[in-house]
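Beneath this line is the structure, given in structure tokens, with notes to follow.
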Amino acid sequence: MKDLYIIGAGGFGREVAWIVERINSIKPTWNLKGFIDDNETLWGSTEGEYHVFGGCEYLSALEGVYAVCAVGSSNVRKKIIEKLKDTSVKFATLVDPSVLYSNSVKIGEGAIVCAGTIITVDVNIGDHVIVNLDCTIGHDAVIDDFVTIYPSVNVSGNVLIGECSELGTGTQIIQGKKVISNTIIGAGAIVVKDCLESGTYVGSPAKKIK
């Protein structure tokens, strides 16, 4: 089995540890070593059943290990991955065993797809994307690198979500719409028009507020 560290020792990190356990229960794949977190107050502690070893400097000194970044903020996640780009760390792609997706779906390195999600056909999910619990992603959608999709989001077919955007819990996006990079869609919003300016959109229909 391959040694794996989870970056981010918070609540979502513990949920990702559960995904690893679920994967291993079907096919032993990962030797989950524990957590990496740059918060020094956590070093040496235990989160759930797993030890917090240290920060990214600790991880970057290791050889032949895999990591996955369980930090919800898209921009923070991108900064963490950039710090590790010149190291020997490899990035795991974790898909919960309950996820339904076709052979035509592409899922990038470092991506995390949580339980209950359905991804249909010809969908392209980029690197280090998080798709949280119980989401649907329709045909031909493109989810760029470092996007965060929170629980119970519905992305319709032919939708494009730009890099580092975040879709809040319960967001719905209708067919063929585009959300530009570095955009936040607030919880429960319904996107019926393209979001072509970076910012924060809320409501039904979704409107830009800042």
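Every residue gets a Cβ built from N, Cα and C, even glycine.
What TrEMBL records for this protein:
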type     : residues : note
ACT_SITE : HIS139   : active site, proton acceptor
BINDING  : GLY72    : substrate binding site
DOMAIN   : 4-84     : domain 'PglD N-terminal'
SITE     : ASP140   : site 'Increases basicity of active site His'
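Features as recorded by TrEMBL, highlighted on the structure.
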| residue | record | Cβ contacts under 8 Å, 6 or more apart |
| --- | --- | --- |
| GLY72 | substrate binding site | PHE12, ILE130, THR148, TYR150 |
| HIS139 | active site, proton acceptor | THR120, VAL121, ASP122, VAL123, GLY157, ASN158 |
| ASP140 | site 'Increases basicity of active site His' | VAL121, ASP122, VAL123, GLY157, ASN158 |
Q | DSSP three-state assignment (helix, strand or coil) for GLY72 (substrate binding site) | A | coil
Q: Indicate whether ASP140 (site 'Increases basicity of active site His') is helix, strand or coil by DSSP.
A: coil
**Q.** Overall pLDDT for the domain 'PglD N-terminal' (4-84), taken as the rounded mean
**A.** 97
